[in-house]
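Asks: Heads up, here are the entries from TrEMBL:
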type	residues	note
DOMAIN	B:25-103	domain '2Fe-2S ferredoxin-type'
DOMAIN	B:103-142	domain '4Fe-4S His(Cys)3-ligated-type'
DOMAIN	B:187-218	domain '4Fe-4S ferredoxin-type'
DOMAIN	B:229-258	domain '4Fe-4S ferredoxin-type'
DOMAIN	B:265-321	domain '4Fe-4S Mo/W bis-MGD-type'
REGION	B:949-978	region 'Disordered'
Amino acid sequence: MRDPAPANLAAATPSAEDIRQIVAPLTALEGPLLPMLHAIQAEWGHVPQAAVPVLADLLNLGRAEVLGVISFYHDFRDHPAGRQVLKICRAEACQAMGGTGVAAETLARLGVDWHGTTPDGAVTVEPVYCLGLCACGPAAMLDGRLLGRVDADRLLAETGAGA
Amino acid sequence: MKDFIIPQFAPGDERDMGTPARHGPPVCLTIDGVQVTVPEGTSVMRAAMMAEVQIPKLCASDNLEAFGSCRLCVVEIEGRRGTPASCTTPVAEGMVVRTQTDKIRKLRRGVMELYVSDHPLDCLTCAANGDCELQDAAGQVGLRDVRYTPGANHFDVSGQGARSQAEARLRGGHDNPLFIPKDDSNPYFTYDPSKCIVCSRCVRACEEVQGTFALTIEGRGFDSRVAVAGENFLASDCVSCGACVQACPTATLQEKSVAALGTPTRSVITTCAYCGVGCSFKAEMNGDTLVRMVPWKNGKANRGHSCVKGRFAYGYAAHKDRILSPMIRDSIDEPWREVAWDEALAFAARRMHAIQERHGRRSVGVITSSRCTNEETYLVQKLTRAVFGNNNTDTCARVCHSPTGYGLGKTFGTSAGTQDFDSVEQTDVVLIIGANPTDGHPVFASRLKKRLRAGARLIVVDPRRTDIVRSAHVEADHHLPLRPGTNVAVVSAMAHVIVTEGLMDEAYIRDRCDWDEFQHYAEFIADPRHAPEAVEALTGVPAADLRAAARLFATGGNGAIYYGLGVTEHSQGSTTVMAIANLAMLTGNIGRPGVGVNPLRGQNNVQGACDMGSFPHELPGYRHVKLPDVRAIFEAAWGVKIDPEPGLRIPNMLDAAVEGTFKGLYCQGEDILQSDPDTHHVAAGLKAMECVIVHDLFLNETANYAHVFLPGSSFLEKDGTFTNAERRINRVRRVMAPRNGYEDWEVTQMLANALLKETGRAGWHYTHPSQIMDEIAATTPSFAGVSYERLEELGSVQWPCNEAAPQGTPLMHVDGFQAGRGHFMITEYVATDERTGPRFPLLLTTGRILSQYNVGAQTRRTENSIWHDQDVLEIHPHDAEVRGVNEGDWVRLASRAGETTLRAVLTDRVSPGVVYTTFHHPMTQANVVTTDFSDWATNCPEYKVTAVQVSPSNGPSDWQRDYQAQAERSRRVLSAAE
């Protein structure tokens, strides 16, 4: 799982030509669709709707097939996220360590629901189902950096949203 | 062994066996104590069904590969752990299967409970009530209770509160974020996600059966739903073939007609009346109301598949424009008068008789319809031969496949395609020339695409980049985008490559063809002037591509050629057909499955209309009217003398009318004004006639020049037979009484009898079309074995069907050519007289689109117009730019013959220098522009090549305005009371 800092957040939606350029080096791969989607998200922070027809045409797939693949993976987003992405684990081990309460408090203090972004665009909060960090639950991940034994205070501090 | 499955059923067996049939050595197993032997590779589910053991299922269907997602078909197998899904488990020797144990019952109920916990229980008000596999399965597994408390679900609008902001935004406006409103954008069916059980049958049907890949499962887990790319079904890639609706086990995808009219209570098997594929359908009825048309799984042409036209576009039969009473008028300036049948027939007979008295026996004629049945066509040509006493009969095949008849007759000895449609499943290289199967012959295209996805190679010769050249999961190895009008040069150049590179099948040629003729041909074709390099400048096809395509065709295994009107509708149409036949013979590709020369027929019964003696020089069975022994057969049967002189072709009739020697016409089910080339000339010819009798469903464009209108019956309202492109004679069955009162053959018989009465002769006395077929069988050797009883017994039969082939003939020329030896013909390229120049620098070519059919008389009167409400002009962006034409602009399209206006679409589907349009709408009248050049051998018009100029315009042309006014005047009807 990776969620690299998007390089191109400032720019608006990429054009079809932009997308073609990003994926051009990947056309020779076997099963190139997923690597292409990763490349687009890495560059733009999300996979825009405009990518669907471009990839379908390039790989000679149905547009629906491309949509099906994108929507299957929760990590592909169709609009840009906040400047930081906070993922809070909701799987069993973290729940047993009070993760549900940590999540609820964090969401409440940030004033967002799951998948929501704070009004200032600083943080997007997403659920994740197991980070493999069960021994250090409740666990979370901020922009790809793992955090163990978290509580709401720490999460807010890490995101710079303060107390 | 090809990995392609044709479901095989005993005739009449319509059970869904769950998974496709397999072919292999026998395997014996025991299911619920029943011993059953099935081919290796068969699923346990199918084996159980064959042993009459029903296993409950939701995601399986025998037209789709097993998927194993619904978990309802689990079974226990002795010696194996767990409870495998029977659909994905292949049989094994000695296997012992149990389908009904306590453990399995419990599992199935548990699964069913989960399904039902997220399904609205509104069965009594559901459109699928009584026709729902979920309902059936619940009954089968004995579901009595759902123990889950209400929770998150997809059906309760007021539901559960947003589980996420993103979700709430996505679903928009509803309290239940999982609830997605019904999509009723498609005119014929609805998609109701709240009823979806996510079995993926629709997605797989769209991919495996139709090959469009328009559907997907969006999301994952509990969130997943069927989705399209685009705002809704109408805006998606969906082509509305209906395969998903048919596959859906619930009411999620449901015909709107069933929702409106209720579940059908009876069904009749009949044949579609659109294109030459000839799909078999079940007309599902409530009383005399047609509720829906469902493709019949045992239909041998379509194998259970359909397209948007046959499946849904039947509404024209009940359209308000249908004329149900006969009408007459003295001159075409007058309004129509509705009269009784007797009066109309007597009026017509009197006029025709008077014309013959005054202008001679040969001053009148008939045009038979490729849309009507064999029996009706036979009667119309009989009418001119036996009643009028001349051979002035022609048919719309004149304007489409007459060169096929000529070209294949000369080379192979039979005027018909050589294969059945199943043959495509054994093809290795497909060569498509001048055909657009995904639009024109969609059900065949689906079968072709399935074979292409399984690995067959594809060569497309077409000026336009049609969808078959590249669409999801299908891509041509070679697309040769030739300049319109250079077919002969391209096909000959392919033959040149094969001969000069020694790629021909010499053993086959020596064995089956005339060797001397071949040597003569080889010498001709090997001449350097036919080399791809030599013709490149002329055809625009890069020589290297052409060479590669020729090599692939010659060396790639079973090579099959499919062609359409892009071959025939040229001044050298017949030459191209012969060049195609040469190519097939050169490479040994005639006489076995997977090969052959296959004309894709445009109309449901164009093959039949040709077979039935519609041509002015041929009696039924393609026998020349000059032959005294052939005439003698019909003279004995009909009790008349037959004129030994061939009659007039359609263009000759019109020429003669303008000259004043042809005065009367009986035209059944064809709109020559809109469909024939050079509309001005057709109009002038019709105007000059004294009696034009139009026999049709609607006041078509030709009827604007008619004096008698006889209302026709639709294919739903009559008995008869159609013969499709694979020579298959299919039954058409009457599912409701004719709204006009009479089946078309009865109308022709009444007209004949009125004419016979006029001259004091005895009348005809057919009481059922089967008697007409018996007469055809008695007089025509290739139909000798055909009768309605035989058709009931076999389902359908491919001619020749006679003593030598009592079961019919799926493949032609198996043990040698019908003509004895195959004849190679010299195919010299001669440029058409239609040339581009400074005034008309572009080449116009014409074609069809999926949702509309020919002149559109039927499809324009259905909801199909939502996809294509006007004809547009496709033009390359370069050509558009230099003319200042933008996307969507009105443009004037002018040729030497005339001009029209329509809207432009900028696309690189056409090459620079080529423009393209369709001819479905009378307002456009694309044929005002086409010229009267025609095939040298058969007069088939050169629709596919017209030199034109395109310029910006701001509205309809003068002709369009005048014509519109004339048509409105001419369509006035006075009711009988006035």
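Keep in mind that glycine also has a Cβ here, set from the backbone N, Cα and C atoms.
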Asks: Summarise the domain '4Fe-4S His(Cys)3-ligated-type' (B:103-142) by DSSP state, stating how many residues are helix, strand and coil.
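Replies: The domain '4Fe-4S His(Cys)3-ligated-type' (B:103-142) comes out at 27 helix, 0 strand, 13 coil.
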Asks: Hey, which bits of the same chain come close to the domain '4Fe-4S His(Cys)3-ligated-type' (B:103-142), Cβ under 8 Å, at least six residues off its ends?
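Replies: That would be 54, 56-58, 70-72, 74-76, 83, 148, 151, 153-156, 194-195, 197, 222, 249-251, 254-255, 258-259, 263.
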Asks: Report, as numbers and ranges, which residues of the same chain sit near the domain '4Fe-4S ferredoxin-type' (B:187-218): CB under 8 Å and 6 or more residues beyond its ends.
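Replies: Same-chain residues near the domain '4Fe-4S ferredoxin-type' (B:187-218) but 6 or more away: 58-59, 61, 63-65, 67, 69-70, 115, 119-120, 126, 134, 154-155, 179-180, 224-229, 233, 236-257, 259, 304-305, 308, 311-312, 445-446, 449-450, 453, 471-474, 863-864, 866.
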Asks: Please count the residues of the domain '4Fe-4S ferredoxin-type' (B:229-258) that DSSP assigns to helix (H, G, I), strand (E, B) and coil.
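Replies: Looking at the domain '4Fe-4S ferredoxin-type' (B:229-258) with DSSP, the answer is 8 helix, 3 strand, 19 coil.
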Asks: DSSP-wise, what's the residue breakdown of the domain '4Fe-4S Mo/W bis-MGD-type' (B:265-321) into helix, strand and coil?
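Replies: Breakdown, helix to coil: 9 helix, 20 strand, 28 coil.
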